[in-house]
Amino acid sequence: MSGSVLSLARPAAATNGHNLLTKQLNCNGNGTTGGAAKTTVASAITPPKQPQLAAKVIQQSQIVCFDVDSTVICEEGIDELAEYCGKGSEVARVTKEAMGGAMTFQDALKIRLNIIRPTQQQVRDFIQERPSTLSKNVKRFVSHLKAEGKQVYLISGGFDCLIAPVANELGIPLKNVYANKMLFDYLGEYDSFDINQPTSRSGGKAEAIALIRKENSDDSLITMIGDGATDLEAVPPANYFIGFGGNVVRPEVYRRAQYYVTDFEQLMGQ
């Protein structure tokens with residue numbers, strides 16, 4: 001890889017003596033895609049890990065990839081859609097089982113969507129009535145990245161129809177969005193989802209980044225930012241992972257991440 005880059009050390013252990021507590025925060029940071037401010041869970045005392053070095057990683061990266069749910073936006077899109085369709089508690093039970101390793105990501109996605117079975121009109125109404133809330137300072141950070149000439153991508157296990165308004169709000173072209181696709185029949189009833197999308201299965205974010213690398217220079221420095229384990233596991237082919245805990249702190253991700261921030265402002269070197 002050309003140029004001087006920071007060494008990619010193994011993820012450091014969590015700082016001793018810090019318990020990962022949670023509290024409710026106002027997540028209406030520097031703009032939303034509409035709607036009222038919402039609250040979300042974040043850590044009360046979780047300190048960032050090496051934020052200055054993380055900012056240097058961003059400075060040296062040519063490509064920056066973001067997770068969407070609980071990272072770029074405050075919410076988890078499929079959970080919000082399930083609640084809107086009156087299936088919140090049923091979907092939450094499946095999500096809990098999936099997090100416990102009882103099923104694959106794709107199986108969990110299939111089961112949850114078969115529970116929700118949103119119509120095309122319900123999805124349109126949901127997007128209109130419950131627009132996603134942008135995380136604090138993310139819009140300013142993305143603008144900063146673009147001003148520096150960096151390419152910005154969104155990589156999500158959520159759905160492109162829910163993410164498109166977010167991408168538009170941030171000025172990210174839809175060709176730079178890797179997400180799942182809902183499929184509807186000719187009456188607008190839910191049919192299935194596209195299993196050919198890389199993010200529809202376990203390891204899909206790494207697959208997406210491999211495709212991004214193939215489209216760009218092989219020696220491009222790629223950084224993935226996200227709150228979850230699937231984001232952490234995108235290295236490799238991503239060069240770096242920066243954990244984000246501005247909305248929710250996942251203890252295992254915090255423990256394993258070498259770099260961790262709780263506000264996108266910490267990555268702007270200010």
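Heads up, the Cβ atoms here are built off N, Cα and C, so glycines get one too.
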#### Entry: Same-site substrate binder from Glu76, Glu252, Glu265, given that Swiss-Prot records Arg112, Ser156, Gly157, Lys205
Glu76
### Query
Same Mg(2+) site as Asp67, Asp69 according to Swiss-Prot: which of Asp219, Asp227?
Asp227
### Task
Could you tell me which three-state DSSP class Asp67 (active site, nucleophile) falls into?
coil
### Task
Could you work out which of the binding-site residues (Glu76, Asp227) has its C-beta surrounded by the smallest number of other C-beta atoms within 10 A?
Glu76
### Message
If you compare CA-to-CA distances from Arg112 (substrate binding site) to each of the recorded positions Asp67, Asp69, Asp227, which comes out shortest?
### Response
Asp69
